[in-house]
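Per TrEMBL, the features are as follows:
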- A:22-249: domain 'Aspartate/glutamate/uridylate kinase' (DOMAIN)
- A:Lys26, A:Phe27, A:Gly28, A:Gly29, A:Thr192, A:Asp193, A:Tyr198, A:Arg203, A:Lys228, A:Val229: ATP binding site (BINDING)
- A:Thr66, A:Glu93: substrate binding site (BINDING)
- A:363-421: domain 'Aspartokinase ACT' (DOMAIN)
2 protein chains.
Amino acid sequence: MRNLRSVGASSERTGVPARRRLLVKKFGGSSVADVERIRRVAQISLESQRAGDDVVVVVSAMSGETDRLLSLAHKLAPLPDCRELDVMIATGEQVSVALTAMAIHAAGGHARSVLGHQVPVLTDSSFTKARVLWVEEGPLREALGHGQIPVVAGFQGVDASQNITTLGRGGSDTSAVALAAALGADVCEIYTDVDGVYTADPRVCPTGRKLRSIAYEDMIELASLGAKVLQVRSVEIAMKYDVSVHVRSSFTDEEGTWIVNRERALEGKVLTGLACARGQARVELVGVEQQPELVMALASLLAELNVSVDMLCHARGVQADTTTNIAFTIPEVDLLRARQRLDPLVASLKTGELRISEGLARVSLVGIGIRSDPSIPARLYRALTQEGIVVSGLVVTELRISCLVDEAVSDKAVCILHEAFGLGQTDVVGGPRLVARSGTAA
Amino acid sequence: MRNLRSVGASSERTGVPARRRLLVKKFGGSSVADVERIRRVAQISLESQRAGDDVVVVVSAMSGETDRLLSLAHKLAPLPDCRELDVMIATGEQVSVALTAMAIHAAGGHARSVLGHQVPVLTDSSFTKARVLWVEEGPLREALGHGQIPVVAGFQGVDASQNITTLGRGGSDTSAVALAAALGADVCEIYTDVDGVYTADPRVCPTGRKLRSIAYEDMIELASLGAKVLQVRSVEIAMKYDVSVHVRSSFTDEEGTWIVNRERALEGKVLTGLACARGQARVELVGVEQQPELVMALASLLAELNVSVDMLCHARGVQADTTTNIAFTIPEVDLLRARQRLDPLVASLKTGELRISEGLARVSLVGIGIRSDPSIPARLYRALTQEGIVVSGLVVTELRISCLVDEAVSDKAVCILHEAFGLGQTDVVGGPRLVARSGTAA
């Protein structure tokens, strides 16, 4: 049993290459979408094992399955019980692990499906959004010792009372990285339907360039800002335990993108990439009485709802010195739930009103150079407004700059910024060439 | 923890009616086939709880779901690994329990899904055909104590190594009865899409009559001979622990059929009903050398394959005194698997050949009067041959007489026998009127 909270970076991973490696291979929903693709997963896993490595496989639900189950639940109840939701949606991965293990058997290998509660992957009890607390390594080591390939159900865990939990959308990435950390794996390979991490989505911006490597911090920003390659939390765990993550395609043998610490990642770049999150809503509380507790009350209310809030800003109102404006951005899908709590709060205030704008997209530029180059916000603003794009919000942090634009022009905005900051060119940086300062990023 | 092997009939079940009853309600696949029907299950369960009873619900997979999953597995491998099959098909019930618990919540009640490994229902390790060893009652009692309705996944259990197991087709009945036995429930109610047990399938034989009650032994025969109302093993467990089973429709409030011990069941009848199993194959080993070990070898071979064999008979061959014929009946679905072992066995014999006839049906007449009335086989034979039906095999035991006929005429055979033995009439018996002799039947 290895406690994820206390185990540091493992020295096992720095051994000489000649020894037997341990690889955790995670396959997403599109990689197990049908029988043919599951056979491909079996083949990749067996080839790796036959080449002399120990292999642990983690799989997601077949693509579309989780949505099918969720719609079944929502037909029954608009707000289904979260504990029961987890019991239900965990079946998606359960089917995948069984089929994948069967496919490995059918190809002449030895495999054994392992469910979240069988590992076990212990989590807290936040149903539908649980956090991994620790991962037991015993049963997996035992299976590996017998020459088997353990096929572990991603996305699911179990709480201390034996309730089934799930880790939130994309949680299989987190499962894979947590297993890799617990086992001290050499690499956590994330097989997906894209071949790596790009400076910008190549479907949106044709000059988008695949990165050979990216630092954990930059990947965390990109993922939390809309890049759908990986779940944010998985990268946080990878960073914490220094797990080397390799994002690659399950359809080719090509190298993908390595997610590693900044020393190993830096290509001399200070700007890494662009991410775009559509379906955002801007919530503004305008002209409310200045109350120091209001922002706190708001923030804790939204935290309680487990709504992810971004670009919260707080500015003096225009009406008088005694009023203030508060604005923040939340995903449109969380708006209904948030308003159930916001509306009574606003109604209880003496002055002020709530303004909601929907149909927005958040376009973000990520890289270690953002803070150190004060010209970047101005260049971003100029590039977009020159092309007639209205920027309706801006926030700058250590590692990123995000702006809000209309959803209809968000693809155009991504392309403009990709060009303006020279992200398509391998050796161009978006600001003064900086020496990497590992560990200083937020 | 209550060991099913050692717990006898519970005296709790004979208490006065005024006390709080404990009801186990099992709903089959057609009763949870869609969102509307699941709401009906929630309603039935809540009404019962509100009337003052403790309720434990057991559900099957939504109808069609198990077949969908099996076909997925068979697309991947013709003989999928049994351990993984169980992991996969257990998800059908997992989805049902979650949805049912959600529906009870949505209707204002308190429910909690409980999976096989969460009860736990401990079984042996015969994947896809596991037997229940014991049922832990603690977690269910605790949920009941909190006013909750535990919604238990039928069909599934867990072995001593925490592997998921399933109990074979119709295994949810067994789950329900085993839970009822462990909890000392007053009644195990089996809700289904028919309204009880009939003397013959009313879709085949319009004069088929619903029985008010039936003895365990007769029900075991009917179920093992093709009546699809209940899984045989569930009735065996009910008999062993004296659990009163009530088979009824989930679409009406009408009384169904009670399955109880013979003292309470007897309506003065010695013939209870007819069952028909289609899809049977007759396997004949003709003209083999007389070897006393051969029948034993055959029987153990088939037992090893877990193939259910019926109507095994062994007769002297016609060719010479030194040869013999052996014939038996097995389900067509097991034929391929059985031949993988039979063919080498036959090839190793000096003389003899294997003859297979497919497309047969086994029609069986069940009742305590069979053995005591020697005229029954002759009357059965006459009734069928008079109508031009060829009887290609006959076996008589304590409680039943079975004959093999062509599948194409099996419905006709059922109707002929139903008429010939007067099963549609409430007060007519098929032979001398006997006093029930409880416990003497096989």
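The backbone N, Cα and C atoms fix where each Cβ goes, glycine too.
Curation does not apply to TrEMBL; its annotations are automatic.
Residues listed for ATP, A:Lys26, A:Phe27, A:Gly28, A:Gly29, A:Thr192, A:Asp193, A:Tyr198, A:Arg203, A:Lys228, A:Val229, cover a largest CA to CA span of 24 Å.
Listed binding-site residues: A:Lys26, A:Gly28, A:Thr66, A:Glu93, A:Tyr198. Those with a CB under 8 Å from a CB in chain B: none. Mean model confidence for the domain 'Aspartokinase ACT' (A:363-421) is a pLDDT of 87. Sequence-distant contacts of A:Glu93 (substrate binding site), defined as residues of its own chain at least six apart whose C-beta falls under 8 angstroms from its C-beta, comprise A:Val59, A:Ser60, A:Ala61, A:Leu115, A:Gly116, A:Ala153, A:Gly154, A:Phe155, A:Gln156, A:Ser172. Inclusion criterion for the binding-site residues A:Lys26, A:Gly28, A:Thr192, A:Tyr198, A:Lys228: a C-alpha placed within 10 angstroms of the C-alpha of A:Thr66 (substrate binding site); this criterion is met by none of them. Each residue of the domain 'Aspartokinase ACT' (A:363-421) gets a DSSP state, and the totals for helix, strand and coil are 26 helix, 14 strand, 19 coil. Around the Cβ of A:Thr192 (ATP binding site), a 10 Å sphere holds 23 further Cβ atoms from the protein chains shown. Every protein chain considered, the tally of other Cβ atoms within 10 Å of the Cβ of A:Thr66 (substrate binding site) stands at 21. Each of the binding-site residues A:Lys26, A:Lys228 was ranked by the number of other C-beta atoms within 10 Å, and first place falls to A:Lys26. The Cβ of A:Tyr198 (ATP binding site) has 26 neighbouring Cβ atoms from other residues within 10 Å, across all protein chains displayed.
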